[in-house]
Structure formats: structure tokens, C-alpha cells
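Engineer: Quick paste from TrEMBL:
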type	residues	note
TRANSMEM	286-305	transmembrane segment
TRANSMEM	326-346	transmembrane segment
TRANSMEM	352-370	transmembrane segment
TRANSMEM	382-401	transmembrane segment
TRANSMEM	407-427	transmembrane segment
TRANSMEM	439-458	transmembrane segment
TRANSMEM	464-485	transmembrane segment
TRANSMEM	521-541	transmembrane segment
TRANSMEM	561-589	transmembrane segment
TRANSMEM	610-630	transmembrane segment
TRANSMEM	636-658	transmembrane segment
DOMAIN	652-718	domain 'Mechanosensitive ion channel MscS'
DOMAIN	726-809	domain 'Mechanosensitive ion channel MscS C-terminal'
REGION	821-849	region 'Disordered'
Amino acid sequence: MFFGVILYFQILSIAYMLKLIRQPSYLITLILFSLTGILHAQTATVSTKKTPIEKEVLLIKSNGTDTSINTFITKVEYYSNSFNSMTSLLAKGFDTVEISRQLPRIDSLLKFIKGGNSVNDRSNTLRSLYVIRDILTHQEDQLSEWQATLAGYNTRLVQIQSNLIQIKEDRALSYVPADSLLKDEYREQMDGLNRKWKRMDASNRKVMRQIGLLQSLVVQNYINVTNYKERVNTALRNFGKRAFSEEYPYLWQSGRSDYAKSFGAAYDKTISTNEQLLDYFVSANWPVHIWCLLIFAGFYGWTLYTTRKIRNENEDRDTVLNQAHYIPRNTLLSALVVAFLLGTFLYDHPPVVFVELMMLVVLISTGLLIRKVWPAHIFKFWMMIVLLSIVSGISNLFLLASYTDRIVIFILGIVGSATGYLLLKTVRAKEAGYPPKTVLLLQIFIGLQSLSVLANLFGRFSLAKILLVTSLFGLWQALSLVVFVRVIMEAVFLQLEASKENDGVPTYFDFQGLQQRFKTALNVVAIVLWLILLAGNLNILDSVYDFLSGILTQPRKIGETAFTFGSVIIFLIIIYVASLISKAITYFFEFADFHSSSQTRKNKLSSSILLVKLGIFSVGFLLAIAASGIPIERITIILGALSVGIGFGLQTIVNNLVSGIILAIEKPVQIGDLIEIGTRSGTVKSMGIRASKIATSDGSEVIVPNGDLLSQHLVNWTLSDKHRRVELIIGVTYGSDLNRVLALLRGIVDTRDDIMHDPAAMVLIHNFGPSSVDFRILFWVPEIGNWLTLKSQVLSDIYEVFYREGIEMPFPQTDVHLHYPENQDKLPEERKDTEATKPKTSEPTIDKL
């Protein structure tokens, strides 16, 4: 319908123009107008494409005096499309359902906190203040996010309103044609535009009022949250001073009347507050819950698959699985330990009740895992720690202090100290069977438990609870992280065993190598995680974070170079991670090549891994520079200095580096090759950026610079294949039947299946020696690793055949002649009885002729 109206206006305008052309004055005007249009078209061809809003502005600016009917038609068409776009945008609406639903909940929760929790109440525990601050922190983050969302909605609505105002003020729409037919059509179109404009203006203003109301509520709640959070932070700072002072009377002087709240009131308040906090946190963090579930499902599925594959396909399944203590026995519990330990660090400021629930799963899972692995008395100690941790964890959730809670903490401190002391005596008797640093951990545990008892006795109840909870949680969390590291290494070990072919290689050494390569890195990660957990137990995690952030982000200068400690640490961490990744990839490729019997030399990737290592280091170096913010011009200066150093003192290092790259490209040597270089021979164990490692047959490892592998004469026994020719020299006495000896020797080497028949073995008369006729035996061994064993077996067969056939093999002999003086006619043995009574005249001499 609309396009029909437009077409109608076009026909009327053409007819009107033809009528005017008949008059000369109008004809001249039309020509001039056409020339102007042509010039304008020439200009428009080089202009850039305008957006709809820019087109509208141009029309408003350029058509102030334009009264043509074409301009009006263009305006009508443009504004109609604009109205349709605005209507579509408003019809879709703005997603404020979640904000409208959650905002009353946040408002009521804030009122609940203000109404039931006085910041300056002396009966508040440190935990209650942290719970309040955690709630306010989550609310602050949520309200801040809502503010940003509503601000974006409001900006779009304001833009729509601005466009409506521009349409209303457009002077081009005020033009009224003089022709009566066009005037009626004009009025009809203007009436339609006005109706659309009014509907659009009313809808837009309505939505703007709704968004504005939500914004005002969100801002009001945000201000209340930030103000109350500042009061809580002030109370926390004052609490640190109060914790070391006498909060309550000495324990032997204290009674129930010294506490503002009874145990029942404290219990009810703890349940209601933690219940609301847990419900809010669980419902607001579904994405993180899903990530934790994926970690659990992925780890459980991975380890279950590798374990089943080993049980079904590996011939040495018992030997392999016995080395893994936890995963084969209970894959589900191992996955729970990994998922819940890592999941704790994925949440932003989780409430204590949520953290303790996750740690309870870790505590129980770890205990069930070590039940049959660790000694029985260790497991009994663990059970006592579990019991103490559960009771202290419940006490840690209390938001108000009470006399009953204080007595419970005192009893827990005494029991914990006694339990730790008994275990310490057992461990000291035999430290070898326990994890490293066990004695130190137990000493720290006993010390903190004892300090908790003393602090509680002398009225420092908050300090006593912090020390008790920190010592209990810190001890079992450290032991759980030990199990965590072991489970991760077992998972990688089982994956390697599941992907390794059954070639009879002892797997125990594989696991030892895996531990040597990755245990240090995993221990570093475990220590960092334990320190974070320890800071959380001490309730100083945020303070430590703020302190370290201030140190690491503060700008510093050395000369004209500005830097921060944070950028330096980031640089070192990225380089260290790149090194770990390089070592891991190298180990996996070398392991796969060394233990795979089906791969040909051409398909092996372990030698090419040098290029991958260089690539990883290069990418890591560039990422470290980008992440640390080090200026590129500084790197240019460093590289210039390095080039000077290379020219003077680093030639050997660069030579080895370039030689390593050449070795990786040309591949004259690969991992597993048996080589001889100089006076050394052995199997290539690894190829590094600077040097390669050769394992000799006597167990030593020789580090050979890569430059020597290219500059010296290198013998590679396995370059083309793994065959080796063995040479034996066998001598028989003169007078033996040579043809018979040849036949016997040929029969020995031809009848063995482990000697290659192509090329065929050869038996030749080699030489006439001083005391024997020497025969030369040449035969080929299909596997070079077995040539010594096969040589020994062939020599044994030759000896047995010669002995059975009566063929003598010459051996060196020495004749010894004894010469005595003329007056000596007895041997020394005949004179043993007379030596004591007769003096010696002379000693016999032995001449070796």
C-alpha cells in the first residue's frame, strides 16, 4: 500500500513537471536545476557510504530551503523505515526480568543483614564479619553489573528519543504543496506519520520510565551496600586489634552471663544467615558449578578409560596397576579429590559454609583413599583429624560468641594437641615411611593447638578459634594436596601405559622418570594452593592480596627504565611455564618413540621435537614480553648487546644451537639410535637445544654438545636399519681336518633361527697363526640390541661341538724350569722338617724360560 502511494506521487510529480516545461521560464529553471543535479551527482560518486542517521542529518542540513515534492517523498520513506526499526526494537523489549526478580531479594537480604547484625556488637565473631562482607561483596558485584546493563539500555532509549525529536523538528515536513491533489495526499501521509510518532514516543517514554525506575533502585541499593561494606571493613580492621586483647574474662572466671547471646540464639542466627548466604551463592554461580562438574566428569572418564584399557590389553597389568596406589583402587574418589580441590579456587569469594562443604568432600574422599595405602595408625590419626575438623568447622560457622562454643574450642585444642603428640612420637621412631616434612608439619600443628588452648584460657577467644581451625584445616589440607599430586602423576602415568605397546620394557622405571620430571612442578603448584588455603583459614586472604597487589603494581624506575615487580614476576612465570610445557612435550614424544616397536625411523618425531621446543620458547618469550609490558626498544638494545657477546664469547653456544637445528632437520641421529662418537658409544637418550645425552652400556650418561655430533666422525649403527654384522675368530690346532671344521662351523651358524640368512653367514679360513689355524665367521644379527647375547650363544655352541667332536683348540702354555745350586739336591717340600734345625745356605731361584 505504501509503495503504491509513493508511485502515485511520482506519477503526479512527472505530470506536473511536464506541464511546467511548456512555459519558457520554467524550462530554463529546469535546465539549471538539472545541471545542479549533475554536479551534485559527480560529487556524490566519490563520497563514502552514510549510515541512516547520517543520511537523516544531511537531509536536515541540506534541505532547509528545498520544497520539492521528491524531498518530501524521500523523507516519508525514510521516517517510515525508522519507525519500523524503532518499533521492532521496542517490541523485542529489554531483558530486565532477572533484575526485577532478584532486586527485591537483594533488598530484603540487605535489610536482614542490617536488622540482625550490628557491626559494633561485641558478641560478633570474626567469622560473622567476614560472612557479612562476603554477602555485601557479592551484592556489590551483582549491582555493579546491573548498573552497566541498565546504562546500556538507557543509552539506546535516549538515542531513540533523540531521533524522534529530530523527526518532529524536521522543517522539510512542514512543506504543503500548492496543488490540491497533492495537498490531500500530503495531509494523509502526515497524519500517518504523526500517529506513528505519537505511538513511538509514548512507548519509548514508558520504557525509559521503567528503566529509570530500575536504575534508581539499583543505584540506591548499591550506595547502601558500599556504605555498609565500608563499616564492616572498619570493624574488621578494629577486630584485629581486639583479637589480641582480652575479649572475655579468663576461662576459669568466665560464665554464661559474660556473653550477650546464648548458645541457642547463636545457633539459630548461624543457621538462618548461612542458609540464606548458601542459597544466594549457589543460585548465583551456576556457570562455575558447571565448570566443576566438567572437571569431575572429564577426569573421572579419562582415568576410568585408561584403567580399563590397561586391565583388558596390557599383559603386565598387575605390575602396572600396583604402582598406582589410588586411581586403580577407586577412580571415583580420586576424581572427587581433584575436582573439589581445584573447584574451590574457581569461585570468587565463596562463603565459608560453601568452602567447608567442599572441603568436607575432599576430607572424606582422601580418608577413604588412604585407608588401605597408608599405615593403620596414620589412618586412625586421620579419623581423629576428621572428627576434630567437623566439630571445629561447625564452630567456625557460628556468628556470635557463646560460653558453650568457648568450652568446645578449649576441649578440641587439648584433644588435638594430645593426638598430634602421640603421632609425632610414632613418626620420629621411623621417619622413612612417611611423606617428607611430616615431623615439621606435626610440630607446627602441635604448636598452634597449644597456642589455641592458652589463648582461650586467657580470654582471647577469637584468636583461639582462628589458631585451632587453621592448624586442623591446614594439616589435613596439606596431606590432601600430597594425595592430589600423587593422583595427578598416576593419571599421567596410566595414560602413558595405556598408550604404550607391550614390548616388555619394565614400567617401574617409566614411573620413576615421570616423577623426576613432574613432581617438582606439581609440588610447587601444591604449595601455592596450600598457602592460599592457609591464608583463607587465617582470614587474611584479602589483606594479603591487597598488600601484594600494592607491591607488585607500584611503578618503579632504574635509571630511565620504568617497571613493576608484577611485570617481572609475570615474565618469569611465563618463561617457567613455557619450560615446563617444553619438558612435558619432549618427555611424551621421547617416551612414545622409545617404547613403540611399530614406528619406523621416518615416522619418529622425537628428533623434530627440538624445533617444537624452540617454537615453544619463542612463543613463550614473546608472550612474556607482551604480558609484562616490557618496551620493545629495550629488547632491541638487549639483542644488540647479545650480538656483540655472540661475536666475542658465545660462539660455541650459538654453534651448538645451530647444530641442534641442523640435526633436527637432517635427522642423522634420532632418539634411540646406537652411535659411536670418538671413544664413546651408546644409545641416544635425548636431544636438547644445546647438547644431546647418550646412555652408555655401563650405565653412565654422556653429554655431547651438538656441534661435536656434526664436526666429528659419527658412526650410527641404526641409521638405515638395526642389523649388525658379528665377526668371530676361532682357532684350531695344526693337524686338524680343515674341511671338517668348516662343515661344523657352517652347521652351527646355518641352523640358528636368530641369525639372518640374507645376507648369508660366511665361514672362512682366516690365518695361520703361531700355534693355530684361525677361522673367520661372519654373520648378521637382525636386532643390534641382541648381538652380544647371540655372540655368546654361538661361542658356547662352537665350544660344545668341538669338545664333542674331539677338535682341539690351542691355548697359551708356559714351561717353568727349576734350577738348584750344586749342593742342593732336595726340593723345598722335602726340607720342611729340617729347616728349623739347619741354617739356610741359599734360596732357590726360579728362571722363566
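Cβ coordinates are placed from backbone N, Cα and C, and glycine is handled just like the others.
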Engineer: Summarise the domain 'Mechanosensitive ion channel MscS C-terminal' (726-809) by DSSP state, stating how many residues are helix, strand and coil.
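Structural biologist: Computed counts for the domain 'Mechanosensitive ion channel MscS C-terminal' (726-809) are 35 helix, 23 strand, 26 coil.
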Engineer: Taking a Cβ cut-off under 8 Å, which residues six or more beyond the ends of the transmembrane segment (326-346) line up next to it in the same chain?
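Structural biologist: Beyond its ends, the transmembrane segment (326-346) has Cβ neighbours at 288, 291-292, 295-296, 299-300, 303-304, 307, 355, 358-359, 361-362, 365-366, 368-369, 372-373, 480-481, 483-484, 486-488, 490-491, 494, 529, 532-533.
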Engineer: Is the count of Cβ pairs under 8 Å between the transmembrane segment (464-485) and the transmembrane segment (352-370), pairs 6 or more apart in sequence, 3 or more?
Structural biologist: yes
Engineer: Report, as numbers and ranges, every residue of the chain located at least six residues beyond the transmembrane segment (439-458) whose Cβ falls under 8 Å of a Cβ in that stretch; write 'none' if there are none.
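Structural biologist: Cβ under 8 Å, 6 or more out: 246, 250-252, 406, 409-410, 413-414, 416-417, 420-421, 423-424, 427-428, 431, 464-465, 467-468, 470-472, 474-475, 478.
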Engineer: Please give the sequence-distant neighbours of the transmembrane segment (382-401): residues at least 6 beyond its ends with Cβ less than 8 Å from one of its Cβ atoms.
Structural biologist: 117, 123-125, 127-128, 131, 247-248, 259-261, 265-267, 269-270, 273-274, 352-353, 356, 359-360, 363-364, 366-367, 370, 374, 408-409, 412, 415-416, 419, 461-462, 465, 468-469, 472-473, 475-476, 479
Engineer: Give me the stretch from 352-370, 521-541, 561-589 with the greatest number of Cβ pairs under 8 Å to the transmembrane segment (610-630).
Structural biologist: 561-589
Engineer: For the transmembrane segment (521-541), give me same-chain residues lying six or more residues beyond its boundaries with a C-beta closer than 8 angstroms to one of its C-beta atoms, as numbers and ranges.
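Structural biologist: 126-127, 130, 341, 344-345, 355, 466, 469-470, 473-474, 477-478, 481-482, 484-485, 488-489, 580.
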Engineer: Counting only residues 6 or more past its boundaries, what in the same chain has a CB within less than 8 Å of a CB in the transmembrane segment (352-370)?
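Structural biologist: Counting only partners 6 or more residues beyond its ends, the transmembrane segment (352-370) has Cβ contacts under 8 Å with 127, 130-131, 134, 274, 277-278, 281-282, 326, 329-330, 333-334, 336-337, 340-341, 343-344, 378-379, 382-383, 386, 389-390, 393, 396-397, 473, 476-477, 479-480, 483, 536.
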Engineer: For the domain 'Mechanosensitive ion channel MscS' (652-718), how many residues does DSSP put in helix, in strand and in coil?
Structural biologist: 21 helix, 25 strand, 21 coil
